[in-house]
Amino acid sequence: MLFEQIAANKRRTWFLLVAFFALLALIGAAAGYLWMNSPLGGVIIAFIIGLIYAITMIFQSTEVVMSMNGARQVSEQEAPELYHIVQDMAMVAQIPMPRVYIVEDDSPNAFATGSNPENAAVAATTGLLRLMNREELEGVIGHEVSHIRNYDIRISTIAVALASAITMISSVAGRMMWYGGGRRRNDRDDDSGLGLLMLVFSLIAIILAPLAATLVQLAISRQREFLADASSVELTRNPQGMIRALQKLDNSEPMHRHVDDASAALYISDPKKKGGLQKLFYTHPPISERVERLRKM
């Protein structure tokens, strides 16, 4: 059951990434049609923009992310239990030892960052270290180490980059349509039914693509959380420790320090504790659903 869940989550992620590239091609074709009457040219430009966005974000420094979250690097002497658990989980996962950081905050939480295992880091809040026993802490750190081993940060970064590129192209295409599109449309002989259909299709794509991209990005993030939960159990062989940790995280207060939206997606549990309609656009699946999946293992 465990390995079936891991395989299923990986398949869903790849399916969603294909959907992302299809969306990028769609918005590129729509913008290309409106700008230069060349859908193929628009697709090529869209993929170049998406590639630039992805490369730029992937190589963002780990230190920058840690600094944004107020994390400080600690040694084995400063945080021996946390350090040894990270060391043990990295050894079982067969990845290099990540750097270890602590965030001064009473709310229990943790996150990992780094585009590959060689430059990765794991951070835990002081609240997490106080609240969790060793088995629960192993579950949380196993989750974060699994994100590193599974290259989740890179996949999530690509998803964010593609969503940003789609939103940017859509925004620029919309402005071009209103401020210069009329002249372009008059320059083309688009009075035919096909031309009108293409125009309507392009407008719909420009309007709806950013929303669709956001939903796909969130779906990818949720699948990677399920995968990290299952992978943590693979490392620790202790589903109950992970379940208890998630339940404690679910009952905790929001983090006291400010966490921006991009960083919030990295944490094991929503640091802002969103409610109401905001949950529709949350990067994490409900903890109750995560616990239910772990219980089925």
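In case you wondered, yes, glycine gets a Cβ from its N, Cα and C as well.
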Problem - Identity of the Zn(2+)-site residue among E63, E76, E78, E225 (reference: H143, H147, source: Swiss-Prot) - result: E225
Problem - For H143 (Zn(2+) binding site): intrachain residues, at least 6 apart, with Cβ closer than 8 Å - result: A110, A228, D229, S231, S232, M242, I268
Problem - recorded positions listed as E144, E225, least Cβ neighbours within 10 Å - result: E225
Fill in the blank from the handout: Here the 10 Å Cβ neighbour count for H147 (Zn(2+) binding site) comes out at 28
Exercise for the section: Would you kindly list the residues that approach the transmembrane segment (158-178) from elsewhere in its chain, counting only those six or more residues past its ends and only Cβ-Cβ distances under 8 Å? Expected result: 17, 20-21, 23-24, 27-28, 30-31, 34-35, 46, 49-50, 53-54, 56-58, 203, 206-207, 209-210, 213-214, 216-217, 220-221, 262, 265
